[in-house]
Amino acid sequence: FLLCFFLVADVSYGINKDCLLPMDVGRCRARHPRYYYNSSSKRCEMFNYGGCRGNANNFITKKECEKVCGVRSRDSPKEN
């Protein structure tokens, strides 16, 4: 039990809780390009939002997703 707790805590520490929600296209049938934080790949990825419902892991731009979810862009210099 403790090992599982620490593994989950390590992955999610410091990340906005909304960013840990699963991608949710919503119930409507529109196709609005949006971005969500994929906690498996640790990147913001595009998806087609249906236009209603869904959840808070839904960003209009990739830049907004990266800012809110703390994702470093590939162009950022790495810390030593």
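Yeah, the Cβs are placed from backbone N, Cα and C, and that goes for glycine too.
Keep in mind the model is a prediction, meaning the values are calculated, not measured.
Which of CYS28, CYS44 pairs with CYS65 is settled by Swiss-Prot: its disulfide partner is CYS44. Take the candidates CYS28, CYS69; Swiss-Prot pairs CYS52 in a disulfide bond with CYS28.
When secondary structure is read from DSSP and collapsed to three states, CYS44 (disulfide bond) falls in the strand class. Using a 10 angstroms CA-CA radius around CYS69 (disulfide bond), the disulfide-bonded residues that qualify from CYS28, CYS44, CYS52 are CYS44. Around CYS65 (disulfide bond), the same-chain residues six or more apart in sequence whose CB sits under 8 Å from its CB are TYR35, TYR36, TYR37, CYS44, PHE59, VAL71, listed in sequence order.
For CYS28 (disulfide bond), the number of other Cβ atoms no farther than 10 Å from its own Cβ, over all displayed protein chains, is 13.
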